[in-house]
Every structure is written in structure tokens, then in C-alpha cells.
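TrEMBL lists LYS17, LYS18, GLN19, LEU20, ARG21, ARG143, VAL144, GLY145, TYR146, GLY147, GLY148, GLY149, PHE150, TYR151 with the feature ATP binding site. The substrate binding site annotation in TrEMBL covers GLU68.
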Amino acid sequence: MTFTDVNLDDQELREAKKQLRLAGKKTRARVVLESGAEVAQRLAEHGLSFCQPAPGSVVSGFAPFGEELDATPLMLRLMDEGCTLALPVMVGKAKPLIFRAWKPGDDMKEAMWGIMEPRDDAPVAIPDVVLVPLLAFDTRGYRVGYGGGFYDRTLAELKAKKSVVTVGLALDEMKVDAVPHDNYDQRVDWVLTPSGPIRCGD
């Protein structure tokens, strides 16, 4: 599927993103069913050396939900390398995410849509690196997520406060020529696929 940088009105933009979202979900379902564990392991083998997180850096991952790519093996590698782990927590449908510290074995709670999150007594953490789920991406760093705008709001807020590195986790098949976007869409700095890291930018 190919999109170019033409001017789209709001309805056309939503429809274009919807098409990419549906295609991404279909691709992800097939690949995860066939080789989900292998994909997760290959992501972990690459690690994050390409963006050089310092020892002690706080890295936010995400708990796998449904057919999402499993970031857990990658997160465990980062913990072994000295990073502190965190997971996102939803505090409202139209609000930015917050992040709470997490380590293997911590008690979790089931939140909106059945997503597992750290409990409310887990310490709040401010990430230096954010792993971002997605369904489509281009080499400029634009992505299509799930449509709720959580990561766009969250990344905008984080970037206004500090320097943060953003890494989308994706399948190679999710790459497209151009993701249709608006001025509120936040770009990622890198995308990590089973084939390796992709540096994003204009």
C-alpha cells in the first residue's frame, strides 16, 4: 500500500490510517501466529546498542496485548545490561500515559481493554527510552498506532520536558512508503524490526 505526501482532509486522513491499521493487524496476526516467539527473540538479539542507552537509563516497554509483538525478551536483555524498566499506565482515555517501574515477577493489574499494567503502588518512572508499538511506519519515523492517540500525547509531553529516544517495534512487512500524518503525530527516532534497526528522519 502506498501513500504520498498529498494534502488530505480529516476524513481522508482517518480513512488512510484506518486502511494501514487494518493491513498491519492482518500482517501481524499472520506473522505472530507463525513465528511470534522467533520474532521476539530476534528483536532481543539486536538489543538497543544502536541508540546507546547509558547504564541506569529508564526504558519503557509494553506488556504484550493480544497479537502485539512481545517486547519482553528485549526488555529482559536491557535489564541485564543495567537499564531500569518501566511500563506505561493509562490514566484516562484522552490523557497522556504515565510510566511506573516494573521488573519480572512484579504484581500487575488488569486495566482498560485487558492490558496488564503495574499496580498503583509501583514508583512513577520517567523514561529515557520509549519502546513504541505500531502497525505501520515509514523511514521518516511516522507511525500508525491503534488510533487512540495515547503515544502521540505522551511523547509530545515527554519531549517538552526532556530528551527522550523513541524506538518503534515492528515487523519488516509493516514498512510503507509514506504514512499519512497530521501535525499532532509524533515521530519515532528509530524502528527496530527482526532484520535490524532503521534510523528515521527526513
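Cβ coordinates are placed from backbone N, Cα and C, and glycine is handled just like the others.
Curation plays no part in TrEMBL annotations; they are all automatic predictions.
Projection of TrEMBL feature records onto the structure.
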residue	record	Cβ contacts under 8 Å, 6 or more apart
LYS17	ATP binding site	VAL144, GLY147, VAL179, PRO180
ARG21	ATP binding site	LEU135, ALA136, VAL144, TYR146, GLY147
GLU68	substrate binding site	ARG28, PHE62, PRO133
GLY148	ATP binding site	LYS93
PHE150	ATP binding site	PRO88, MET90, PRO96, LEU97
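In this structure, the binding-site residues VAL144, TYR146 were compared by how many other Cβ atoms lie within 10 Å of their Cβ, and the smallest count belongs to TYR146.
When secondary structure is read from DSSP and collapsed to three states, LYS17 (ATP binding site) falls in the helix class. According to DSSP, VAL144 (ATP binding site) is assigned to a strand segment. In the three-state DSSP classification, GLU68 (substrate binding site) falls within coil. Cβ neighbour count for GLN19 (ATP binding site): 15 (other Cβ atoms within 10 Å of its Cβ, all protein chains included).
Largest Cα-Cα distance over the residues recorded as binding ATP, namely LYS17, LYS18, GLN19, LEU20, ARG21, ARG143, VAL144, GLY145, TYR146, GLY147, GLY148, GLY149, PHE150, TYR151, equals 20 Å.
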